[in-house]
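Here the structure is laid out as structure tokens; the discussion comes afterwards.
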Amino acid sequence: MPELPEVEVVRRGLAEHVTGRTVTAVRVHHPRAVRRHEAGPADLTARLLDTTITGTGRRGKYLWLTLGDGADEPLARRESNFALVVHLGMSGQMLLGDVPNANHLRIAALLDDGTTLSFVDQRTFGGWMLADLVTVDGSDVPAPVAHIARDPLDPLFDRDAVVKVLRRKHSEIKRQLLDQTVVSGIGNIYADESLWRAKINGARLASGVSRAKLAELLGAAADVMTDALAQGGTSFDSLYVNVNGESGYFDRSLDAYGREGEPCRRCGAIMRRDKFMNRSSFYCPRCQPRPRV
């Protein structure tokens, strides 16, 4: 599933190419792609028509386009009171221009400059929905995203406050990193990478990790996702691409995830893999020793 860096790459591409554009036509090719929009495909289509994309937003793994009316008004003066929320799921893609495989095209929106914005999703776990904007902690976010915590790359992310929350959690630190209500944007890949950089085993209880070490871990999470952003995100297959259909290449720089049986880049010990929450955790047994039972 795309994590923060991959979603941010898509957001930046959309911000550059669709901000200020007006939706002139919409077609829903697969109803499952709008299942989260409770009013149904016809309502989503009708409400999207003639709206102007006034901006883009992201909170953790959630992406949205802010929408406004008043096409005759300058963009800066158009009010944005609702948003198109996009969840990429496991394989969702927001593509501009030609779609390489129309079999997986779920939604298409035509913009006033002739560009087509397409939602392509092979596994159909993602989708679009419309939602009102609400104000949470001084920021306007779509209502379904209001419960999602800020992520380590958010300028208003409060590292000290998150450390205090983590210190009260009597469960594994990796479980807490994956909890989007505690800190958002971190999935399995970047959790393992952050834990490796901070030399913490993901099975340790969050409450047993010192405040200083937790702060270091959150800093490592910010660093690794910044590094991933610079390389276009992580692509293990063709399912994650940016708006131009291009894959990222941070997978070549991973230090932990997927490296079972390979030497640790830091100490040379052989990397291991454990099962965790129906996922795999990759770690160095020397740099990140498991907690004693």
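Each residue, glycine too, has its Cβ placed from N, Cα and C.
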Query raised in the report: Do you know which of 45-79, 255-289 Swiss-Prot annotates as zinc finger?
Result: 255-289
Report task. For the DNA site, Swiss-Prot lists HIS104, LYS169; sort out which one of ARG123, ARG159 goes with them. Result -> ARG123
**Report entry** The one of LYS61, HIS104, ARG123, LYS169, ARG279 whose CB sees the fewest other CB atoms within 10 Å, among these recorded positions
**Finding:** ARG123
Report summary line: Closest by Cα to ARG279 (active site, proton donor), out of the recorded positions GLU3, HIS104, ARG123, is GLU3
Query raised in the report: Which of the active-site residues PRO2, GLU3, LYS61 has its Cα closest in space to the Cα of HIS104 (DNA binding site)?
Result: PRO2
Requested in this report: Please report how many Å separate the Cα atom of GLU3 (active site, proton donor) from that of ARG123 (DNA binding site), as a whole number.
Outcome: 17
